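As recorded in Swiss-Prot, the features of this protein are as follows:
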| type | residues | note |
| --- | --- | --- |
| ACT_SITE | 52 | active site |
| ACT_SITE | 124 | active site |
| BINDING | 48, 124 | Mg(2+) binding site |
| DOMAIN | 8-135 | domain 'RNase III' |
| DOMAIN | 161-230 | domain 'DRBM' |
């Protein structure tokens, strides 16, 4: 058994489910960067789209059960925190999904297995695959298990926007405001992927990816803050 196959088997043990549809699991773990030369039959973009909705339903349901007297305005920021890209990436790391992913050689070489956008997308795709393979009850069980440690963090409310935090930090250092530039756009129109560069005078620029320009800018701002030891 090769290293990736072992990682996939470990992931199934970790979530407590062996997929009946092996192609479905493989699809959920295949990133769009994998090219035709790697015998790709598809990637996880559509499953990611479905998984985002499955995750939203399960998170909303779980919050409503935990806080039966809470109003919509109180639940909304908690829901946003539970389904955020940062949270999904953290959950994927906790489940050790990275080694199980199929990436292009170039994406793997530059650390794609630890990239928030790739990990978060894989976590969403996995939820869709679980829903399709075993139904909503299975997806709910795995969600409650993998996201168990995230509910306390969600109760703290919505974190500061990374771009706002970076702007405030730059000003506190006596620097001009950060600048953002789109360096690349790839993928189909229904599921584009943007690469954005953020620059603060006097510092090396940082690059990040996202499914929208705004998402990529936030990811880049967050990465720069973390690199400079000023995380939000």
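Just so it is clear, glycine is given a Cβ too, placed from its N, Cα and C backbone atoms.
Shown are the recorded positions 48, 52, 124; the one with the most C-beta atoms within 10 angstroms of its own C-beta is 124. Residue counts for the domain 'RNase III' (8-135) under DSSP, split into helix (H, G, I), strand (E, B) and coil, are 91 helix, 2 strand, 35 coil. The domain 'RNase III' (8-135) scores a mean pLDDT of 90 in the predicted structure.
Applying DSSP to the domain 'DRBM' (161-230) sorts its residues as follows: 26 helix, 20 strand, 24 coil. With respect to their backbone Cα atoms, residue 52 (active site) and residue 124 (active site) stand 6 Å from each other. A straight line from the CA of residue 48 (Mg(2+) binding site) to the CA of residue 124 (active site) spans 5 Å.
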